[in-house]
Amino acid sequence: MVGDTKEIVLALSGGGARGAYHLGVLQYLDEQNIKVKAICGTSIGSIIAASYASGVSPKEQLEIFKSKGLKKMFSFAWFRESLFNVNVNIPCIDALIKKSRFEELDIPVYITAMDLQNGDEIYFNRGDIRTLCTASSALVPMFKPVEHEGKVLVDGGFFNHMPYKPLKKYDYPLVGVNLNPIVKKASRPRLMSYLKKVIAIRMFITADSQRDEYDYYISNDEILKYSIFSLKNFDELFELGYADAKKVFSV
C-alpha cells in the first residue's frame, strides 16, 4: 500500500488518554498519503475523528492534548451526578474541534453512544459535535450521562468498543485501531482492580470478536502499560502508534 495514493475507512476504539496512539497512526497515514474516506469512533476515538475531519492535524491534536488548557475541561463534581463535570466551551476545545456540526466536516464521521434507557447502541453522523462527542465519551460514573433528543447517552464503548458498521457500505479497506488489546490479570484484590478488569473484559471480548471484520488491524500489548487516565505519556503513545502503523502497512 505504501508508495501509492490509497484510500481507507477507519475505526477508532475508545481508551481515554491512550488516544495519542490513534494520533500516531493518523500521522503515518498522512505522511504516506493514505486518504481516510470515513471514520467511525467511540469515546476518545469519536473526539479524535471529529477533530481530524475538521482539519486539525494529528500533531496539532497532540499538542492540544498536552497543553495545560485541557485540564480546565474537568472539575470535581462532589459526587452529585458524577465524579467530574465537563466543560467543552473552553479555548483548547475550540482549537481541537473547528466545526460545529457533523454535516460540516471534511470527512464523514460516525460516532456511537449507548442509550441507558434501553441499552441500544446509537450511531450519529449529524448534529452538534461537542454534545455528541461528550455523550460518546461519558464514562459513568466518572462523567454524567448526556440527555439528547429524549435519550440518556453514555460512552459507546460500553456496548461496542470498536464500532465499524457504518463503514461497511464504503468500498475501501477497513482499518481498525484498538487501544485495549488484551486483559491484564488484576494485580491486587481490590475493588477498583476488579471493576477495571470487568470493564476491560467487556471491551476486549467485543473488539476481539470483530477482529476478522478488519482488513488491517493495528494494536499493541504495550499500550496496556499506559493508564487511560494519565496525561503524562502522550508522546510515547504517539510514537508507538506511528511505529505500529508503519509495520502493518509496510507488509
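Any Cβ shown, glycine's included, is placed from N, Cα and C.
Please treat TrEMBL annotations as automatic predictions, because they have not gone through curation.
Copied from TrEMBL, the annotated features are:
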type: DOMAIN; residues: 10-168; note: domain 'PNPLA'
type: MOTIF; residues: 14-19; note: motif 'GXGXXG'
type: MOTIF; residues: 41-45; note: motif 'GXSXG'
type: ACT_SITE; residues: Ser43; note: active site, nucleophile
type: ACT_SITE; residues: Asp155; note: active site, proton acceptor
> For Ser43 (active site, nucleophile), what is the secondary structure by DSSP, using just helix, strand and coil?
Replying inline: coil
> Along the domain 'PNPLA' (10-168), what average pLDDT does this model show?
Replying inline: 87
>> Return only the integer: C-alpha distance in Å from Asp155 (active site, proton acceptor) to Ser43 (active site, nucleophile).
In response: 6
> If one looks at the chain holding the residue listed as 'active site, nucleophile', which residues at least 6 apart in sequence have a CB under 8 angstroms from its CB?
Replying inline: Ser13, Gly14, Gly15, Gly16, Ser136, Ser137, Leu139, Asp155, Gly156, Gly157
>> Counting across all protein chains present, how many other Cβ atoms fall within 10 Å of the Cβ of Asp155 (active site, proton acceptor)?
In response: 25
